[in-house]
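Colleague: Dumping the structure here so I can ask a few things about it.
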């Protein structure tokens, strides 16, 4: 991770210094594609090389992975695409200074992929289809480019084969449409700010030198004062008072705005403070007059820097508190598998017990999964075609401008895949580990690797099932569970997000997000209270209330590509107590409603009716229950969006307004699969509205019954910070569970053996 970060910093420095001049184009023919994938499991000693698009075999003593049409772009493919696109930019478009924002695989048509892989597309094909590798699957990619001089942006579609790269289509984005912010831009933002004379002056007024400044670049959110034609970031400012200290303990009282194309600070905002009674020092939460003196406009004086250290690194904790000691009362705990891991990994094709799936990775979503199947007594049954966290919005509660424009859409605005951590053996995952690298493009078009971006391992899952016949001489039988876990972590400025996908032996799939890292903080004036929109987590340091709302995209293929969504509500029966219909008053019913059109499927959770939604295969019936095979969605973490319906947040992140959306995949395939749109930064500026979002798709009110559909499930948390969340947050766990209902004939885990662990011992056993 450190080497990748150093590379990014060097490129960011070049970015700031204007060194975006195009390099001479190189030959763009593809050599035999080779990608690195680190494996600590299966005896590969941490490294196994494989061809991204070759055949199974051996090359130089290393296993060569079998081709899969959904594999991420290889290093050679990324390089060759970069060469060809650079050539096209210079020769055909006359662009000599550019920035590559992303370079991402375009999935082939789903039905072609299913035919190629031999996956059933309907119930009649179950157990009857074989892979058909005669199916022609074009290898295509979408490249997003930014003209570094004008700020114009382009999407370029290319086709790749073993011989060459072909430019298929070039589209210039409309004026004001901004592609995602790449990591080099975020790093460059800090350098631009630290070199700005006005910023340096403001810092010195607080007793700081420029080298003590730290700036977290953020998308501007919503601010019509700058127009829609500029590519801008806002920056949240902090002081770093010594190397590696917790800069979020020292927030500063001003917010620069940076034009990243011009490479300069164009404005500086000063948020208002709060007076007793929740009154703002400037009397209004509206944006400040851009032509006014901004400090005077805020209605307050400068706020001194909170300088008390609040560290989380052990060496700095000990330095500031000589009494600090690490705990010594925890004995070592090892996770061992003497016979090795139970899963097999062929490139990105993963098999474990009865599960079969493909692991995907891209710049925007990071880790996602494809082609999830279950082996039901020799019959491969498809369940999900694609599963991903497709968007995330983090709205903050303070109304004081510019805090009100603080609502990051971390996936679409920042390309969360590019912010993925390099994981370390024995730290982030325990046991027998396999790693997969993440392959991306840098802003100059060269290939970039995030080593060990994805971790694959097994964990004990507790008791799978158990029963004791309590009668005399009755038997007890207990079976332990196991789960396969596929995970990654991303650092988005102060926050860390862990994305986990779990597969269980009873057919359950669980999606978990783990939230940790450091609170986004702000400084309070002397005597100022955090009020109703924040918590003072340390003297004069406030953690503002906020939400994390994720959009989980589920593209099902439950026993085939055509599925239906059913809503279940549990209600008390209508008959009164003492009536013939309900004499004891105990009757309650599970009432089911088929969601037939996209508008009817805009739904919200209802705890009063234990509401849940199920994905069903309507062409089949269970032999016993008579119901269609289904997977039930269990989502206990679905808070509402607390921002107003017409708020900036609701306009730019419409998915967050409701708990469930269901749309036909045909409506998204023509535009985007992302619920807040394809191009997210600075959307809805100048009074505009999203032209491409889950709200737009749902408003078409198309049929979603017994057809190819995608579900967007909103889940998350409302974070009211605690002092215990500072200086670093204990991990918060959020999850969505997909559980089979009538999908199997009976409990599918009856064949899991009951194994007594010979390594378990009695603790503190004296003489026994």
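Note that Cβ sites are derived from N, Cα and C of the backbone, with glycine treated the same way.
The shown structure was predicted, so the numbers you read here are calculated from the model rather than taken from an experiment.
This is the feature table in TrEMBL:
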| type | residues | note |
| --- | --- | --- |
| COMPBIAS | 38-49 | compositional bias 'Low complexity' |
| REGION | 38-63 | region 'Disordered' |
| COMPBIAS | 53-63 | compositional bias 'Polar residues' |
| DOMAIN | 179-274 | domain 'Copper amine oxidase N3-terminal' |
| DOMAIN | 333-750 | domain 'Copper amine oxidase catalytic' |
| ACT_SITE | 410 | active site, proton acceptor |
| ACT_SITE | 495 | active site, schiff-base intermediate with substrate |
| MOD_RES | 495 | 2',4',5'-topaquinone |
Colleague: According to DSSP, folded down to helix, strand and coil, what is the residue listed as 'active site, proton acceptor'?
Modeller: helix
Colleague: Quick one: of 410, 495, which of the active-site residues has the smallest count of other CB atoms within 10 A?
Modeller: 495
Colleague: Rounded to a whole number, how many Å is the Cα of residue 495 (active site, schiff-base intermediate with substrate) away from the Cα of residue 410 (active site, proton acceptor)?
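Modeller: Taking the Cα atoms only, residue 495 (active site, schiff-base intermediate with substrate) lies 10 Å from residue 410 (active site, proton acceptor).
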Colleague: Return the average pLDDT for the domain 'Copper amine oxidase catalytic' (333-750) as a whole number.
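Modeller: Averaged over the domain 'Copper amine oxidase catalytic' (333-750), the predicted model reaches a pLDDT of 97.
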Colleague: Taking helix as H, G and I and strand as E and B in DSSP, count the residues of the domain 'Copper amine oxidase N3-terminal' (179-274) in helix, strand and coil.
Modeller: 30 helix, 28 strand, 38 coil
